Amino acid sequence: MAPSQPDGLSDGHQETATQVIIIGGGLSGLQAAHDLQELGVSCLILEARDRVGGKLWSVPLGEGQGYVDLGGAWTNNENQPKVTALAEKLGLQMIRQNIIGDCILEDYGRFPYGSEPPLSREDKATFVEVRSRVEALCHTVTIADFDQVLAEYGHMSMDELIICMGATDTVRRLVNIWTTAMLGIESTQISSIFFLHYCQAGGGLLQMRSDDAGGGQHLRFRNGSQSLSYGLRDGLEPNTVIYSAVVERVEQGLRSGCRVITRDGKKFRCERVICTVPSPLLKQIAFWPSLSADKIWLSTHSELGFYAKVFLIYTEPWWRKLGLCGLSQGFHGPVSLTRDASNDQDGLFALICFVVGQRGREWAQKEEPDRLAEVIAHVDRIYGVKIPRPVETREQIWNEEEFSQGAPCPVVPAYCLRSLSQDQWRPEGFIHFAGTETSPVWKGYMEGALTSGSRAAKQVFDILSTS
Ligand SMILES: Cc1cc2nc3c(=O)[nH]c(=O)nc-3n(C[C@H](O)[C@H](O)[C@H](O)COP(=O)(O)OP(=O)(O)OC[C@H]3O[C@@H](n4cnc5c(N)ncnc54)[C@H](O)[C@@H]3O)c2cc1C
């Protein structure tokens, strides 16, 4: 329904005015607010939840007993410069990911970190070949040649692409672990071109999958990744963040900027809006006038994978005593991957289990005690021993969060990639877009979120300072 005063906007009742309204207090929104305020631009963040951080959520286990990261956790200090600079500025202590000891592949057994899994000779040769071809391809796809790339690969899922490369059944199952662990979507369901492009943004498949120096999973934060969000928020002017402010409507006037209305009826006037909500959630905000066809198309068709984390917490790292590093991969569900999520300094020893993709969706339908029992039983099978019972557990299902609806990053089907390449997240009138998925680097990661926040803030500042 059209608002009653589309151009004048103000109905004169209790509107809070500021230069820029930022929708969302995740990392991208906080970074945008930080940059704007540094440049002397006033802004407010409207955050739907009662906390900042969005997909970063670090939960303390008890006084001095460390934190578990229910959302994003890992970074590295070689090719994620914005996260690194912020962590250093805030004086955050980092934990290096444990890679000492063997990994395990379900059905195949253990192998040293960094070497090939103990597959049959044919599977191993094919796996190495497929992995290096995917790595090479992800560095060559460019959005500039989109038509050509789409014509070549646009019709293929990731599974179909690797079948063309000669993947055996085992290799197909291994590649399915890549796509589910990285995006919560099965390799049969994800567009090959999207996946290649996603890998390109993270510096390549190998870099993203690595737990070693420079890899996507090299470092964690001793006090949890949400410390980044708290640090950014604490550097903002007081009361910049308005909590439990669910934006439901954004109206633009022809001359007079925007009016933003929240679920509880609060109204805000501003010259510009920076919207940081993940694209599938855009359709829950009524934009007037409506967004362009490209954005509507993206918002309607981009999808969030299934992503849950289950922490098994112990008094000691039993896997290390077995000569294992905690990294394991499972084929038969519900667990796709485990990693060591310990914080030795605080006496926290944990295995994090990733329950992702279609098997995760089915698992999530069960009652909580059954879900936990299934996870533990599967880790028993992966490790080939009855693992010690955890003293404590934590579970987080991101698809059940109203303001995330899945994680870690929206996935765009091939038939929408043209809209994305045309649109490039361009502003719509007075509305600008940020959020990790809009970043050309480390899309889906904290680094991408910070990069996008700074880009949007600069865009807005440049316009405001010339107008
Ligand atoms: C389980 C999991 C594992 C991950 N692992 C890693 C990792 O190891 N390393 C890494 O770098 N990244 C990881 N990520 C991704 C990383 O957490 C995200 O890329 C990053 O936090 C996204 O920040 P953002 O600001 O773009 O979006 P978000 O954090 O989603 O922020 C958007 C904000 O908008 C708010 N919002 C939504 N709708 C509305 C509305 N209508 N009105 C007002 N506010 C609204 C939300 O509450 C949220 O706070 C992981 C994420 C998850 C969930």
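Yeah, the Cβs are placed from backbone N, Cα and C, and that goes for glycine too.
Record check, TrEMBL: FAD site residues include Glu47, Ala48, Val247, Glu437, and the candidate from Ser28, Ser419, Ser421, Ser454 also listed there is Ser28. Annotated pair Val247 (FAD binding site) and Phe354 (substrate binding site), C-alpha to C-alpha distance, rounded: 31 Å. For Glu47 (FAD binding site), the Cβ neighbour count at a 10 Å cut-off comes to 27, with all displayed protein chains included.
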